[in-house]
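Student: Pasting a structure below so you can have a look.
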Amino acid sequence: MSELAEIRRQLFDISLELGAIRLDMNFPFRWASGYMMPIYNDSRLLLSRPKARGLIAEGLELLLRQNGHQQVENIAGVATGGIAHALLLAERMQLPMQYVRSETKMHGLSHKIEGLPGSCGEAGYKGQSAVVIEDVISTGESALRAVETVRQAGAEVKGCFVIYSYAFSKAEEAFTKAGLTCRAILSFPELLGHVEQQNLFRQEDVEQLRHWHRQPFMYLAE
Ligand SMILES: O=P(O)(O)OC[C@H]1O[C@H](OP(=O)(O)OP(=O)(O)O)[C@H](O)[C@@H]1O
Ligand SMILES: O=C(O)c1cc(=O)[nH]c(=O)[nH]1
C-alpha cells in the first residue's frame, strides 16, 4: 500500500469512529451552497485527535510533493474550516501561513487575508507563491473565492489542497475554469470503496449514495 493510501485508510477509520461522516436519507443536511444533501462530513472533528492531525499534515505535504509544489512559499487556509489544517501543514513545512476570510473584516485593520506582514494591501504577497488549503470541497465555491482573494493580493496560486472532496464534476469544472488543480487526501468515491470493503454501511445506503453522487444537485428534485 502506498504511503498516501495508508494515510487515507487511517483517516477514514478515524472519521468513521468519531462519527464525523453522517448519513441521513430522510432528514438531509443543509450545505454551505444551500443544497440539502443526504451526507455530511464534519472534518473538523479530526482535529480532536493528535494522530489524525499528524496524518493530515503528512498527507497534505505528500500531495504537495506529488504535485511538485514542495518549494511553495506560503500556505493559505480558507476560513474557517481550512485554518487549522493549513496551520498543521505550515508548521510541518516551517512556512508562513495566512488565512482568508469570506468577507473583509469591518473593524480593526479591515483585512480579508490575515497573517500577511506589512500593510496587507492589494499586492501583499509581492508575487510569492501560495497554496490554498480547505477542509471540504463540495461545489468548490468557498475555496475558489479564497483563491481569487489570494491572487488579487499578488500571489501565484499553485493549487488547492484539501482533506476531503466530494469529487463532483461541477467542482472539477470550476477548478479547471480557474486554471487550477485541486487535490484531496480523501474523496467521496474512496469513502464508498472503504465502507463497502469493510461492510460499514448498509448495502442499500451505499447504493443510494452511489445513485445520489451521479446527480447530487437534483437530490431533492427527484
Ligand atoms: O465547496 P463549497 O460548496 O463551498 O462547500 C464547502 C465549504 O463548506 C464548509 O464551510 P462553511 O461555509 O460551512 O463554514 P466553515 O468553514 O466556517 O465551517 C466547508 O468548510 C467548506 O468551506
Ligand atoms: O458543503 C458543505 O457545506 C459541507 C459538506 C460537508 O460534507 N461537510 C462540510 O463541512 N461542509
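Quick reminder: no glycine exception, Cβ is built from N, Cα and C everywhere.
Annotations for this protein, taken from TrEMBL, read as follows:
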{"type": "DOMAIN", "residues": "70-164", "note": "domain 'Phosphoribosyltransferase'"}
{"type": "BINDING", "residues": "Arg101, Lys105, His107, Glu134, Asp135, Val136, Ile137, Ser138, Thr139, Gly140, Glu141, Ser142", "note": "5-phospho-alpha-D-ribose 1-diphosphate binding site"}
{"type": "BINDING", "residues": "Ser138", "note": "orotate binding site"}
Student: What count of other C-beta atoms do you get within 10 angstroms of the C-beta of His107 (5-phospho-alpha-D-ribose 1-diphosphate binding site), across all chains shown?
Tutor: 5
Student: Sequence gap of 6 or more, Cβ distance under 8 Å: name the residues on the same chain that satisfy this around Arg101 (5-phospho-alpha-D-ribose 1-diphosphate binding site), in order along the sequence.
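Tutor: Within the chain, Arg101 (5-phospho-alpha-D-ribose 1-diphosphate binding site) has Cβ neighbours under 8 Å at Ala79, His111, Lys112, Ile113, Glu114.
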Student: Listed binding-site residues are Arg101, His107, Ile137, Ser138, Thr139, Glu141; which sit with C-beta under 6 angstroms of ligand 2?
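Tutor: By the Cβ criterion, which requires under 6 Å to ligand 2, the hits are Ser138.
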Student: Quick one: which of the binding-site residues (Arg101, His107, Ile137, Ser138, Glu141) have their CB closer than 6 Å to ligand 1?
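Tutor: If the test is a Cβ under 6 Å from any atom of ligand 1, the answer is Ile137, Ser138, Glu141.
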Student: Just to verify: the residue among Asp135, Glu141 with the fewest other Cβ atoms within 10 Å, which of the binding-site residues is it?
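Tutor: Result for the binding-site residues Asp135, Glu141: minimum number of other Cβ atoms within 10 Å at Glu141.
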Student: For the 5-phospho-alpha-D-ribose 1-diphosphate binding residues given in the record (Arg101, Lys105, His107, Glu134, Asp135, Val136, Ile137, Ser138, Thr139, Gly140, Glu141, Ser142), what is the largest pairwise C-alpha separation in angstrom?
Tutor: 30
Student: Least buried of the binding-site residues Ser138, Thr139, going by other Cβ atoms within 10 Å?
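Tutor: Per-residue Cβ counts within 10 Å for the binding-site residues Ser138, Thr139 bottom out at Thr139.
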Student: Quick check: in three-state DSSP terms, what is Glu141 (5-phospho-alpha-D-ribose 1-diphosphate binding site)?
Tutor: helix
Student: Sort out the sequence-distant neighbours of Ile137 (5-phospho-alpha-D-ribose 1-diphosphate binding site) for me: same chain, 6+ apart, CB within less than 8 Å of its CB, listed by position.
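Tutor: In sequence order, the residues whose Cβ lies under 8 Å from that of Ile137 (5-phospho-alpha-D-ribose 1-diphosphate binding site) (at least 6 apart) are Ala143, Cys160, Val162, Tyr164, Ser165, Tyr166, Ala171, Cys182, Ala184.
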Student: Going by DSSP assignments with H, G and I as helix and E and B as strand, what are the residue counts for the domain 'Phosphoribosyltransferase' (70-164)?
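Tutor: Computed counts for the domain 'Phosphoribosyltransferase' (70-164) are 23 helix, 29 strand, 43 coil.
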